[in-house]
Amino acid sequence: MAIKAEEISALLRSQIENYESEMSVTDVGTVLQIGDGIALIHGLNDCMAGELVEFSNGVLGLAQNLEESNVGVVILGPYTEITEGDEVRRTGRIMEVPVGEELIGRVVNPLGQPIDGQGPINTTKTRPVEQKATGVMARKSVDEPLQTGIKAIDALVPIGRGQRELIIGDRQTGKTTIGIDTILNQKGLDTICIYVAIGQKDSTVRANVEKLRQAGALDYTIVVSASASEPSPLLYIAPYSGVTMGEEFMFNGKHVLIVYDDLTKQAAAYRELSLLLRRPPGREAYPGDVFYLHSRLLERAAKLNDDLGGGSITALPIIETQAGDISAYVPTNVISITDGQIFLQSDLFFSGVRPAINAGQSVSRVGGSAQIKAMKKVAGTLRLDLASYRELESFAQFGSDLDEFTARKLERGKRTVEVLKQDQNKPLPVENQVLIIYALTKGYLDDIPVEDITRFEDELNSWTKSNGSDLLNEIRETGGLPSDDKFEATINEFKKSFSKSE
């Protein structure tokens with residue numbers, strides 16, 4: 001068979017014409033220095049701030065410091081296998097986490113990877129971790145209540161959907177308990193909850209997850225955990241990952257509650273990173289942008305206007321103080337960013353007043369407009385009564401001969417303190433709260449011994465399930481306060497069957 005030269009040349013020509021050379025240019029650098037979760041990279045000249053870079057062992061890092069010839073990178077994972085001279089590549093991507101309904105009921109790390117041993121999360125949707133907060137015109141003022149189920153909060157420092165309410169206090173004063181109880185109270189209220197555990201012991205996180213699971217709250221909750229054993233970059237990222245997951249639901253018209261437990265540890269992790277990156281330290285050795293660290297996080301909590309679906313993110317950041325000092329750097333920063341604070345006091349906690357809320361220093365700047373009418377009416381004078389009781393109590397210690405008015409006020413004050421006490425993990429529906437606070441403020445508890453108040457309330461709640469359900473239903477469905485006659489009939493009917501202790 002003869003081979004023609006023309007055929008060969010035509011074949012070669014067509015091959016050459018169809019040849020496509022795909023050149024891929026990758027920006028590659030080398031590790032100059034590595035340690036404590038920080039790497040100094042040389043050669044990534046076009047790297048962007050906040051860009052993800054990939055080390056040769058597959059671990060990702062986040063570009064933070066862009067210097068003249070080097071890039072400071074925080075490593076998002078184990079860094080012990082990375083050595084000097086290793087290759088580092090740009091990815092051209094910014095950090096994103098998986099979002100969506102598939103995350104509900106799962107425990108994930110700040111990168112969105114499951115750590116609960118229940119298999120992979122089947123979602124392809126992701127959102128950037130660093131996102132600009134919702135603009136002014138996209139928001140609307142807080143007008144819907146978010147019930148915590150805690151009498152002292154719903155009556156004295158009410159929280160609305162879209163609000164940022166700080167929970168602040170020393171260690172071991174019940175801060176986490178308030179966050180967990182609020183999550184438990186959202187059962188059946190069509191709210192997605194996100195619990196972000198930052199720098200806590202693994203055993204503590206496990207105990208809290210079990211609490212949520214036993215109460216059936218894990219069915220509407222996502223847990224994001226960056227425990228104390230994780231590298232500090234993950235502790236720094238964790239709150240942003242949590243709020244990113246929440247934004248997906250908010251922009252779809254849903255209501256979200258997010259608890260950051262706690263932001264003091266996030267600030268400490270960020271201080272550690274900044275000092276290792278050789279950024280200049282400021283007050284208490286924190287970097288200059290520690291205010292922005294928290295403001296850009298908490299500003300992402302919002303109530304969207306109706307055109308955007310009316311969704312909301314309500315944030316409950318937790319801050320731990322040292323010896324009750326709320327004038328330290330991070331506490332004052334976060335107090336100035338949030339819409340109010342719940343101040344928990346060690347003295348109250350150890351004297352048996354739990355939740356240990358200091359009514360004088362706790363405030364809600366926007367929640368009052370979201371309180372239901374019934375609660376607003378019955379709890380109107382409660383804060384004042386409590387403040388005057390605390391004042392009289394300190395005077396009464398010095399003298400025994402008190403006039404009748406003062407003695408009566410002291411007795412009412414003791415009962416007020418008892419009514420506002422509440423066991424942990426037992427949130428109370430708002431209609432039951434209105435009933436007991438009405439009974440207190442209208443004097444129905446004045447003839448009940450102080451030691452019987454808790455038992456009186458428990459038995460009243462049990463009794464009304466079968467006998468006073470009409471009254472409770474009216475409060476629940478209308479939000480208004482039923483007539484005094486209805487309250488009087490219900491409370492007096494119950495008091496007939498209540499036996500006081502001798």
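Including glycine, each Cβ sits where the backbone N, Cα and C put it.
Taken from Swiss-Prot as is:
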| type | residues | note |
| --- | --- | --- |
| REGION | 115-134 | region 'Disordered' |
| BINDING | Gly169, Asp170, Arg171, Gln172, Thr173, Gly174, Lys175, Thr176 | ATP binding site |
| SITE | Ser362 | site 'Required for activity' |
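Positions of the features from Swiss-Prot, shown on the structure.
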| residue | record | CB count, 10 Å |
| --- | --- | --- |
| Gly169 | ATP binding site | 27 |
| Asp170 | ATP binding site | 18 |
| Arg171 | ATP binding site | 11 |
| Gln172 | ATP binding site | 12 |
| Thr173 | ATP binding site | 26 |
| Gly174 | ATP binding site | 18 |
| Lys175 | ATP binding site | 25 |
| Thr176 | ATP binding site | 21 |
| Ser362 | site 'Required for activity' | 22 |
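Between the alpha carbons (Cα) of Thr173 (ATP binding site) and Ser362 (site 'Required for activity') lies a span of roughly 15 Å. Cα-Cα distance from Ser362 (site 'Required for activity') to Arg171 (ATP binding site): 17 Å (rounded to the nearest whole number). Within 8 Å of the centroid of the Cβ atoms of Gly169, Asp170, Arg171, Gln172, Thr173, Gly174, Lys175, Thr176, where the record puts ATP, the same chain has further Cβ atoms from Glu320, Leu344, Ser346, Phe349, Ala356. Residues in the region 'Disordered' (115-134) partition by DSSP class (helix H, G, I; strand E, B; coil) as 0 helix, 3 strand, 17 coil. Taken residue by residue with DSSP, Gly174 (ATP binding site) is part of neither helix nor strand, so it is coil.
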